[in-house]
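According to TrEMBL:
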- 12-33: transmembrane segment (TRANSMEM)
- 25-113: domain 'G-protein coupled receptors family 1 profile' (DOMAIN)
- 45-68: transmembrane segment (TRANSMEM)
- 80-102: transmembrane segment (TRANSMEM)
Amino acid sequence: ALAMDTMKTTYIVLELIIAVLSIAGNVLVCWAVAINSTLKNATNYFLVSLAVADIAVGLLAIPFAITISIGFEVDFHSCLFFACFVLVLTQSSIFSLLAVAIDRYLAIKIPLR
């Protein structure tokens, strides 16, 4: 039981560190694009979209994941909402990453667009 508590505490601490660093780093990305006019282009807007999605993951999905992992007891529909909400936020981050990858692929494949 003690080893399980240590593992749970380690998991929560690591998740919180990831959340704080993710939020801070992605806020800096958004801020840099906002204040620097040379960074305002289509590619960087995709990166800002990814940063906003990752901020949402850090602010909402990670706390919900921690809530689920500690065994917070809720009714079935609330549990389903938590699980789906975490899934939707993480998928939005993944799809934003896909958009960046496609944009970079097209920039290489069709350089003069």
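Backbone N, Cα and C define each Cβ position, glycine as well.
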- Message: Under 8 Å between C-beta atoms and at least six residues away from its ends: which parts of the chain pack against the transmembrane segment (45-68)?
- Response: 12, 15-16, 18-20, 22-23, 26-27, 29-30, 33, 79, 82-83, 85-86, 89-90, 92-93, 96-97, 99-100, 103
- Item | Residue counts (helix, strand, coil, in that order) that DSSP gives for the domain 'G-protein coupled receptors family 1 profile' (25-113) | 76 helix, 0 strand, 13 coil
